[in-house]
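Student: A single structure is presented below for examination.
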């Protein structure tokens with residue numbers, strides 16, 4: 001087993017820690033209306049961990065048009081990263097429409113980026129450009145739309161800012177790794193890119209679910225403060 005496969009298995013083991021944090025969070029929220037809503041956080045470390053086990057054995061790694069794509073990596077990202085950004089919106093108290101919007105933007109960024117991996121020439125860079133547009137729209141949700149609706153509750157503001165900046169900083173790194181790797185300008189090796197992605201994925205997902213556990217007091221109230229737009233709807237209905 002080579003260094004990359006070993007790193008993949010190491011990443012899978014590290015993600016078990018994330019599963020433990022979600023389990024502890026779920027147990028600590030017994031009786032809270034947020035308990036069931038936060039349960040899908042488990043998908044993040046579980047799906048990513050299983051994907052890494054598959055990647056370690058080259059499952060889903062294929063050649064398309066002469067270009068290698070680690071299929072399970074993109075399937076993992078397509079499943080888990082929309083959940084990551086969606087729960088940032090949930091922590092902000094954003095509307096369901098906004099949460100779905102940021103999740104769709106993230107999913108399209110990943111899907112179009114995968115298309116850029118298996119194409120060449122002008123089409124590759126056109127797809128990279130489209131993926132970058134979805135990337136920028138995702139940042140608009142994180143840094144413009146969501147901050148407008150966070151209730152004036154210090155604990156909730158603190159959790160939102162922590163999640164927002166954690167995801168925001170890491171989401172800047174991923175396209176740079178892609179750009180310098182074999183799929184982009186080819187300045188980094190496939191092995192180097194693979195090892196970097198393992199590091200980024202574990203760093204993105206395990207601390208993320210830990211933050212929810214560490215700041216679980218936010219979700220222990222009978223109900224969280226409504227977002228401004230929700231409050232407006234409720235006030236209008238009452239009138």
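Note: Cβ is positioned from N, Cα and C throughout, glycine not excepted.
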Student: Does Swiss-Prot give residue 31 and residue 183 the same topological domain, putting them on the same side of the membrane?
Tutor: no
Student: Cβ distance under 8 Å to residue 205 (N6-(retinylidene)lysine), same chain, sequence separation 6 or more: which residues?
Tutor: 15, 18, 44, 45, 48, 80, 84
